[in-house]
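Okay, structure first, notes after.
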């Protein structure tokens, strides 16, 4: 018996990778997409006997089984029940060419491929090697199929992007390096699936579920936060970040994922919402699920899911912590694109996933996937976590003033509508696209109110506010709104507005004007209490900066302006790294409803400029010049300039900037050697203990070698 001896297996890496859109992965491994053929060539040492029978065995996971779709046994030319098949192609003497087809619903992950040869009554088996199988947005029968090529380029193959932050009236672009094709990132994404609670509880069942993007994306939403199973990123929204990295200092996912992997799966400290969303986008794109990052401005965190967010202030306008509810300046989550076999085709398309640990879902900090169509139609009873996401974009906002005698009064405030300017990066450019219409009907339209009432009914919240049982376990819920829901606050007879006199820059004084207008002909005296606090983007006050009281006389329909300033010396020690300040004015007239006026302020960074000194070509060194200014009127020391970019720098670059005099400009030069062609994002970040990061980025078109 001459056993067939194979000299080597040629996985036709270049051809297969081009056909499968996997050429970008920095890995020597064979990487294919499901539902699509790949070719392999066996170079033989011995001749094939005419009666030899060939059988292929593809298997994945710790205990492969045909019943679990984690093992497929298939012969030449006939498709196996599993959907796997192989055909032999013409070849040169001394070698054999095979085309192998995987089904469009195959389990994704790392496979072993074996060849079994039956020659007469002898059976021999040869391990041909390993390959990785991914989701396939190019395949019409795959659940993640996306028809538009430009969208596939953006949501699957683009390894950098923009995450929007700031305030609804001051939206900022932050660059993010997804880096899903960088070295080790695909391995790390597969390791994330293997570290999940589901995998630990039942590895065989977990792996067999990995053919389903609903299942895989939900597992990833739990694993990206560290709360239940030592996932990737540990969240922190208070205090200092001495024992880790300040969330504002990350500029991409690659450093974070490698740190977790190389540190033996110890959660990386620290993240806030955009970090969780950036990391999740990397992992899902690397596995082949089309994914994008979404920012919701004025995002409600409705702990008790009654679709009402209550805010309590004292008579001076200071926020009181009487409720678990909150409204964040912005919140960042993800959307992934796939069909919903569990809900029906109406709910296909973009699905919301949120890895930020806010609430438990089925006992674990995970959220989604929830169809954006379900949110828009108020179907808050559908899987998964639709009520939580519905509240984030639709809850009503109610403000109460609490007097020293425990009396609470529902006061009129220009309700900042929840869920504004829901944003994502445009396909093919860095501009902002507003996707609010995917989440809700136009504010104030009849349809929007009908959807809101439908959601209240499904949640068992009566519109009088008396609550029946709510499915989510209740924390300390605010009781007051339920009695008063029926009587809306009286409208005050004055209106007010806080106006910024100039764009505030860090290191300078902030000049503000409160404009008050008497809406009626009666003369009145108004007591104004102004307060300013440093806040996080979650609008949690962290430090008081200023309190002022003024008395103002307003004649018939008169308008008056009060100017005041918050000096740098007042805010410099209180300001959080978010550079955000909340200013409130409580305007009180005797016998009438009080008026609350609020304004969120973001202090702007001084600019940082990046110049690339010459053309960018693959494998050719080029110098980059970065110029920045110390914004403070004091000396700063120990700053670090950091640079990163997929396809440009294999690891993050760090350069020490020893000392900068007050208001001094400084220039640093460094070299990059691009290793990938196409549009690339270079990010630069000046990190300093005296002020929060100054960030900048530049897009480079790298020519092939």
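The backbone N, Cα and C atoms fix where each Cβ goes, glycine too.
Unlike curated records, TrEMBL annotations are generated automatically.
Feature annotation from TrEMBL assigns active site to 273 (among others).
Around residue 331 (active site), taking its Cβ as the centre, 26 other Cβ atoms fall within 10 Å, counting all chains. Summarising the annotation, TrEMBL assigns active site to 331 (among others).
The annotation active site is assigned in TrEMBL to 354 (among others). Proximity of residue 354 (active site) to non-local residues of its own chain (separation of 6 or more, Cβ distance below 8 Å) is seen for 221, 276, 277, 333, 334, 367, 368, 385, 389, given in sequence order.
According to TrEMBL, the feature Ca(2+) binding site maps to 394, 396, 443, 448.
As annotated by TrEMBL, domain 'Transglutaminase-like' applies to 265-357.
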For the binding-site residues 443, 448, which one has its C-beta crowded by the most other C-beta atoms within 10 angstroms? 448
Between residue 448 (Ca(2+) binding site) and residue 331 (active site), how many Å separate their Cα atoms? 22
What is the three-state DSSP composition of the domain 'Transglutaminase-like' (265-357), stated as helix, strand and coil residue counts? 18 helix, 42 strand, 33 coil
For the recorded Ca(2+) site, whose residues are 394, 396, 443, 448, find every other residue on that chain with a C-beta no more than 8 angstroms from the centre of their C-beta atoms, and list them by sequence position. 417, 418, 419, 440, 444, 449, 452
Residue 273 (active site) as reference: those recorded positions from 331, 394, 396, 443 with C-alpha within 10 Å of it: 331
Kindly state the mean pLDDT of the domain 'Transglutaminase-like' (265-357) in the predicted structure. 92
Select one residue from 273, 394, 396: among these recorded positions, choose the one with the most other Cβ atoms within 10 Å of its Cβ. 273
